[in-house]
Amino acid sequence: MKTSVYNQKGEVVGEVALNPAIFEVKAKPEFVAEVVRMMLSNARQGTSSTKTRGEVRGGGKKPWKQKGTGRARVGSIRSPIWRHGGITFGPRANQNWKLKINKKAKQKAMIMSLSDKVLNNRFFVVDSVVFEKPKTKEFVKLLGALKNTVKDMGKNQIFLIGKQHNNLVRASRNIPSVEPVLAKDLNILDVLKAGSLIVMKDALGVLEKQYVKKVKVKS
């Protein structure tokens, strides 16, 4: 599969072949969803905790006598049905949220997500971007040029770079809809949340090096 390559002015300057081992793999939504669920679960700190009736302060004395007052019988102000009482079946800090996830499974899910972006025309390759100064208006101009050419890029974009571009990164900081990410640090959650991926040409090589030799996925 080939895709167009755009320059900084949003003009098509050529084509580049996309490796089918990464960009032509049939997505399995259930598989990707399972991997994402595991990743989100593993990211939980598990520090939320509530107190049971045995841990809440006070309540050693019976509030009133058992009979004769006309009021409901009660033994402690720490009762879960009372305000400020203990919590029944609340979260505990000792709960382990970790789920086992295979490294190859994560890589396969990433490949499927990238392929899905290509299939839905939300994957754009940019030749080289050079900013002499880290000016936000220069980055806005670049995005505007691309949007005029490809029309639909979604609400937010991941700008994938192969190596550190300080001026580019600094120029994009004031644009909330754009997040520059190094190709080696790309996360499946970033891919799924992004409306589209804007990929610099040098980042394609990084993705191939990272995924092609490690995972074999049947298309």
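Glycine is no exception: its Cβ is also placed from the backbone N, Cα and C atoms.
Features reported for this protein in TrEMBL:
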type     : residues : note
COMPBIAS : 59-70    : compositional bias 'Basic residues'
REGION   : 44-70    : region 'Disordered'
*So what's near the compositional bias 'Basic residues' (59-70) in sequence-distant terms, Cβ-Cβ under 8 Å and 6+ beyond its ends?*
53, 76-79, 85
*asked:* Please count the residues of the compositional bias 'Basic residues' (59-70) that DSSP assigns to helix (H, G, I), strand (E, B) and coil.
replied: 0 helix, 0 strand, 12 coil
